[in-house]
Amino acid sequence: MTKSLPGVADLRLGANHPRMWTRRVQGTVVNVGVKVLPWIPTPAKRILSAGRSVIIDGNTLDPTLQLMLSTSRIFGVDGLAVDDDIVASRAHMRAICEAMPGPQIHVDVTDLSIPGPAGEIPARHYRPSGGGATPLLVFYHGGGWTLGDLDTHDALCRLTCRDADIQVLSIDYRLAPEHPAPAAVEDAYAAFVWAHEHASDEFGALPGRVAVGGDSAGGNLSAVVCQLARDKARYEGGPTPVLQWLLYPRTDFTAQTRSMGLFGNGFLLTKRDIDWFHTQYLRDSDVDPADPRLSPLLAESLSGLAPALIAVAGFDPLRDEGESYAKALRAAGTAVDLRYLGSLTHGFLNLFQLGGGSAAGTNELISALRAHLSRV
């Protein structure tokens, strides 16, 4: 007779345990789990996931992600927002990223501050160890405009710098709810303009070869920066990015898509997370959800924008609006390279150290970024 582990049922959300103790157990599970996962053979991952593949909408979920998600749910971890608590949610995301296994990726790293519309903006610059002039990517981290920082995306920026052979400038823009919309947009645009002006003299990067990119909320900010830069260049003059690298971006705050219904629970980013992020970002803000500064898909014109390299994940509630943005850009005459990672979930780029599909997908997107920037 098969027995379940003693006490597992009691660890589910809703059990009568002190909240802090439950969070501590969840944190331990995350730390241990992510270190063990890369060493488990794929057939064993299937067995540990009850021997069943998850197939939705014609896509089969990556076995590594399937095991991670199923194990997390057993211990009450589902989604990024923790008990509607900003501090706990930020700590949760930071803990996941810090727990990732593997050696540190060695590139030259410098912390700095750059001028912004409301004061200095913390930033981190990454340079390939070989030196030499390269393109520069201005990177905006994900986290629902509410979570995340320079450290949560440090490993991804290091990997991008090394494997794309480019310089990366990661921007620690202001977060909600302390700084509601459009604070993040203002910081993101100011950072791009500053980076473009100082790419050569400050970093030794190739002048005029500055791209923008980011994951999730950072992809949203990248798309918005491209539109703002285009409009400024048309009417006032100013720099524009040479490429936009949009990684499972949020593009329409008003959307109620099919993928939102299919993947709104159980696939890392939940519908509840999305709603909570929107509440934080728009709290005390007078910006309408349909404003292009929030919803770049709803901009009056999508012509004249930088070429786009867009990634969508098959098990992501944001999948459909990412595809819709790619389609709309193409219809407006913008060059688009759309990469569909069917077996993956939202957030897989922060999980590349787990191996499996997350590593393969991340490598594909960084290789594509390198190829695109070599041609602009």
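Glycine too: its Cβ is placed from the backbone N, Cα and C atoms.
Using a 10 Å radius centred on the Cβ of SER216 (active site) and all shown protein chains, the other Cβ atoms total 29. Under the three-state DSSP scheme, SER216 (active site) falls in the coil class. Feature annotation from Swiss-Prot assigns active site to SER216 (among others).
The active site annotation in Swiss-Prot covers ASP316 (among others), and the record cites a curator's inference as its basis. Around the Cβ of ASP316 (active site), the number of neighbouring Cβ atoms within 10 Å comes to 26. In the three-state DSSP classification, ASP316 (active site) falls within coil.
What Swiss-Prot lists as active site is HIS346 (among others). DSSP assigns HIS346 (active site) to coil in the three-state reduction, placing it in neither a helix nor a strand.
Note on HIS346 (active site): other Cβ atoms within 10 Å of its Cβ, all shown chains, come to 26.
The separation of HIS346 (active site) from ASP316 (active site), Cα to Cα, is 5 Å. Here the CA atom of SER216 (active site) lies 8 Å from the CA atom of HIS346 (active site).
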